[in-house]
């Protein structure tokens, strides 16, 4: 048989992306335009197989082997969707473990931590602490699951929570199960942040200005408008990595004001009529629903899992340096500080005020019981830190919604959003949340209902996804454990939602996170 020339054996096909035209994204990065007619998936080292190398001499084999190792180390072999380079979440992939820590901490600590003592007033010491510990460990396990599932299938990165849900449950069912709670969590949190931030700005102004500014003060709705305008200005940052500095500010301010609130509370004399017995209600049904609502408040404290995959999508990933390594490193640091914030606020707040805790939480209690005992400068600094944290949290929770708007636009037009289109989407979103907040000013008190409706995102769906994607051995401990946790999460979601609805109806929709003077 006639031997073929060596030059024919080592002819290397041209990379399909070599001639791909490039365009500029709004942030100035180059991105390949989506090509039509791509037949099948291809990776840079798919032609360098042992069978291909076998007839080649040692020098050429060594060269190609070294080239394969270089491509595996430097170039990610995952097939990427070109549209991702136009969208806010995946436009920049230079994230790292520090960015992951900042984003997770900013998303994980916020105003919901200040309501935890309210849950303790219905649960008492024992069940309050036990519930908080169980919820923390449970959500830490599901966080690890989401980090591992980001690249669970070779050649595919699940950059968004809904994408992972579609892979696990099917395209149609995944959208139905995941889209509503994730959008509700993002948009609902953004609206609640407008309410909390605007009302806190009003209190800050009252404390700093005092009686000098009482002639013609701004109304609460006008403070909502001021806060929303600040949020819209900050939202013009183009992508998730570009708000890493804001997330750092949000993380530092959250840790600072959480620590200040519980330290100021425990250092003041406790009210003389304080009691640590769970609040007694007139009927067994009322007590049961109140307990469920309290558990929903604890569940709502551990929000942020709808952003885990999005944060991990901002990181580069290679075979030798996969993205889950820096992501998990940053998440561990973040959730250590989250525990250092949530547990002292819950325990210290309940110790300081007991079942006298007002529905608005520990900050409301501090203002109501000790506004004359604490210096105005300390109170003003605490409120100002809350405002900064709300401004920072608004950005990271709104980013998935911005991404959805732009994904719809780019899929229809096959081009990235211009600066004006991107700005228009964000202005529209900000004022829609403002209108919802003005129409539903009690939304910031719906922590129990929000916790119940969005609980599957954190506690249930990740367990189901692990079983359906990783496919552990049937009837093994891993299989049983995740199925049981998942269904428990669904059951708790239904129960906590019922408790939250009952609490809203029973209170006549009159609760507010802060009660402006």
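Yeah, the Cβs are placed from backbone N, Cα and C, and that goes for glycine too.
The annotation region 'Disordered' is assigned in TrEMBL to 1-43.
Per TrEMBL, domain 'Amino acid transporter transmembrane' is recorded for 94-504.
Marked as transmembrane segment by TrEMBL: 114-138 (among others).
Residues or ranges marked as transmembrane segment by TrEMBL: 173-196 (among others).
According to TrEMBL, the feature transmembrane segment maps to 243-264 (among others). Long-range contacts of the transmembrane segment (243-264) within the same chain, counting only residues at least 6 positions beyond its ends with a Cβ under 8 Å from a Cβ of the stretch, are 95, 98-99, 101-103, 105-106, 109-110, 113-114, 234, 237, 334, 337, 340-342, 344-345, 348-349, 352, 362-363, 366, 370, 374, 378, 381-382, 385-386, 388-389, 391-393, 395-396, 399.
Using a Cβ-Cβ cut-off under 8 Å and counting only residues 6 or more beyond its ends in the same chain, the transmembrane segment (284-302) has close neighbours at 108, 112-113, 115-116, 118-123, 128, 131-132, 135-136, 139, 342, 447-452, 454-455, 458-459, 492, 495-500, 502-503, 506. Residues annotated as transmembrane segment in TrEMBL: 284-302 (among others).
According to TrEMBL, the feature transmembrane segment maps to 333-354 (among others).
Look at TrEMBL and you will find 374-398 (among others) tagged as transmembrane segment. Sequence-distant neighbours of the transmembrane segment (374-398) (same chain, 6+ residues past either end, Cβ-Cβ under 8 Å): 103, 106-107, 109-111, 185-186, 189-190, 193-194, 196-197, 200-201, 203-204, 207-208, 210, 227, 230-231, 234-235, 237, 240, 243, 246-247, 249-251, 253-254, 256-257, 260-261, 264, 268, 307, 363, 366-367, 426, 429.
Residues 26, 187, 190-192, 194-195, 198, 221, 224-225, 228, 231-232, 235-236, 238, 398, 401-402, 405-406, 409 of the same chain sit 6 or more residues outside the transmembrane segment (419-440) yet have a Cβ under 8 Å from a Cβ within it. For 419-440 (among others), the entry in TrEMBL reads transmembrane segment.
Under the heading transmembrane segment, TrEMBL lists 446-468 (among others).
Only residues 6 or more beyond the boundaries of the transmembrane segment (480-505), in the same chain, are considered here, and those with a CB under 8 A from a CB of the stretch are 138, 141, 289-296, 299, 442, 445-453, 455-456, 458-461, 463-464, 466-467, 472, 511. Per TrEMBL, the feature transmembrane segment maps to 480-505 (among others).
Sequence-remote contacts of a segment are chain residues at least 6 beyond its ends whose Cβ falls under 8 Å from one of its Cβ atoms, and for the transmembrane segment (114-138) they are 258, 261, 276-279, 290-291, 293-295, 297-302, 339, 342-343, 345-347, 349-350, 353-355, 357-363, 365, 447, 459, 485, 513.
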